[in-house]
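K.L.:
Can you read through this structure? Questions will come right after.
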Amino acid sequence: MGNWVINNGLSSFILVVWMAINIFLFVWFYLFYDLGDQFFYTRHLLGSALAWARAPAAVLNFNCLLILLPVCRNLLSLIRGSLMCCGRTMRKQLDKNLSFHKLVAYTIALMTAVHVIAHLLNVEWYNNSRQGVYDELSTALSNLEDTETTTYLNPIRITDIIPSYLVFTTIAGLTGVIITLALILIITSSMEVIRRSYFEVFWYTHHLFIVFFAGLVFHGAGELSTWMWVIGPMVLYLCERLLRFIRYMQRVTYRKVRSICEPPDWLLSSFAAEVEVTKSACLAFQIVMRPSKVLELQLVKSGFKMEVGQYVFLNCPAISQLEWHPFTMTSAPEEDFFSVHIRSAGDWTEKLINIVQQLPEGAQGPRMGVDGPFGTASEDVFAYEVSMLVGAGIGVTPFASILKSIWYKFKDSNPKLRTRKIYFYWLCRETHAFEWFADLLQVLEREMEERGMGNFLTYKLYLTGWDQSTVSADHVKVRFDEDTDAVTGLKQKTNYGRPIWDKEFEEVRKENPTSVVGTFLCGPLALAKVLEKKCAKYSDVDPRRTKFYFNKENF
């Protein structure tokens with residue numbers, strides 16, 4: 001329980017406060033419209049539907065104020081940097097920005113549904129009152145006209161119209177239809193299956209938020225004054241986009257030519273039939289195309305400063321003027337450039353790889369806009385004496401930056417390096433996915449041995465997409481007893497299957513009986529749930545003993 005409080009206590013407190021504010025607003029405005037004497041005659045026409053329409057509107061205003069803040073990434077990075085002295089628990093909350101963004105969005109969708117249904121009932125009851133369906137008082141109230149001392153109660157002024165006429169002939173009704181349709185498109189296109197498979201659909205429909213907020217300002221221009229709730233976040237987000245545009249206009253060049261190494265001999269000899277290397281280099285930049293269909297870009301931008309594990313948004317105007325995609329940087333802060341590894345996983349990445357492959361010798365590369373860098377949970381890796389790094393597939397990218405930075409710190413004998421032990425786990429489905437990162441691990445292996453620190457880095461590689469034919473392959477059988485692994489060429493042998501996490505956590509706890517261990521994941525949600533549970537399970541109740549803190553990358 002103590003470990004759960006440490007890992008989730010502040011998050012739970014924030015959620016409780018957020019829920020309490022929502023409940024308070026709903027109850028307050030419901031009772032205000034349901035019991036207030038000033039709405040006595042309106043309630044006679046509409047019943048409780050009046051309160052059911054206005055109470056969700058108040059909750060909507062509050063959540064529309066919040067919805068943009070979690071995606072103001074520059075603001076979050078600024079706050080995160082200023083909170084470095086305030087403890088890891090506070091900073092961890094900022095890494096859950098997208099989860100909170102989704103939670104607020106679901107609340108907006110729910111309250112919108114209640115608000116719309118209540119107003120549809122209101123229109124129907126207004127019309128029935130105008131038609132004289134109800135009692136004499138309802139008819140009399142509906143016949144009231146504007147005078148010097150009174151205003152009409154029933155917005156339906158004539159008896160021979162259909163109720164939908166009111167919806168499409170008033171500002172509130174028309175804007176309500178527009179923002180509801182925009183919200184439906186935004187929510188449905190944000191489903192995981194669409195976002196993963198058709199990112200462009202998600203990207204473009206998500207920008208209907210402009211229509212949503214514009215309509216919201218006009219829709220709520222009455223008593224609830226919606227614009228007063230949302231004007232602040234809208235200005236902040238506008239500044240975010242302005243800063244992105246300024247960064248987009250800044251010149252980005254590709255790093256100068258250096259020799260591009262062929263894949264390691266172990267890879268060529270073992271997988272000669274599978275490896276297909278495409279290289280393209282020019283005078284102004286370097287691009288490396290890895291055999292595993294992973295593109296490495298090494299970029300240079302004036303004044304650009306980064307920390308380990310951070311990410312940037314990239315825009316390639318040759319593909320799309322509007323699309324920006326996030327990529328974790330794989331370079332170290334000590335290097336004079338920043339790099340990203342881009343795996344072919346969609347139309348945008350496929351087009352970028354095709355452009356690079358078709359570049360003639362000496363040609364300039366495509367123009368690239370860069371926004372960032374932005375902070376992530378991995379920035380805190382050096383705040384722990386012991387760290388467990390878990391990457392799945394291309395999710396290894398933030399840890400490439402971390403391991404490179406460690407290498408530079410050892411090379412320069414940096415006395416500020418607090419970390420004394422790192423456990424690194426990399427899970428891949430296919431053998432060639434190990435290729436682009438194996439050379440870095442080889443360098444680290446050699447560096448640690450030369451400095452007599454072979455125990456500093458413990459790494460384990462897992463090949464999860466395997467079958468009996470893979471294990472029984474000739475190159476594995478022949479080289480099984482060699483010093484280096486048949487798959488990666490490293491001294492650490494590749495494991496087939498998935499890690500037994502109970503065994504791994506028990507081993508880490510045994511080797512570090514009094515340490516605080518930071519567990520960092522860049523990978524799927526299912527794996528995140530498993531690791532979070534293991535962190536809670538293997539954290540000792542005694543505050544002097546081993547504690548595991550879970551951290552996950554979010555984009």
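Backbone N, Cα and C define each Cβ position, glycine as well.
Note: TrEMBL annotation is automatic and uncurated.
Annotated domain 'FAD-binding FR-type' per TrEMBL: 270-380, in sequence order. Marked as transmembrane segment by TrEMBL: 12-33, 53-79, 100-121, 165-189, 201-221.
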K.L.:
As a test: from 12-33, 53-79, 165-189, 201-221, pick the stretch that has the greatest number of Cβ pairs under 8 Å with the transmembrane segment (100-121).
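P.N.:
Counting Cβ pairs under 8 Å, the winner is 53-79.
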K.L.:
Among the recorded stretches 12-33, 165-189, 201-221, which has the greatest number of Cβ pairs closer than 8 Å to the transmembrane segment (53-79)?
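P.N.:
Of the candidates 12-33, 165-189, 201-221, 12-33 scores highest.
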K.L.:
Please indicate, using numbers and ranges, the residues of the same chain that are 6 or more beyond the transmembrane segment (165-189) and have a C-beta under 8 Å from a C-beta there.
P.N.:
105, 108-109, 112, 116, 119, 123, 126-127, 155-156, 195, 201-202, 205-206, 208-209, 211-212, 215-216, 218-219, 221-222
K.L.:
Under 8 Å between C-beta atoms and at least six residues away from its ends: which parts of the chain pack against the transmembrane segment (201-221)?
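P.N.:
Residues packing against the transmembrane segment (201-221) from afar: 57, 61, 64, 68, 171-172, 175-176, 178-179, 182-183, 185-186, 189-190, 194-195, 227, 230, 234, 322-323.
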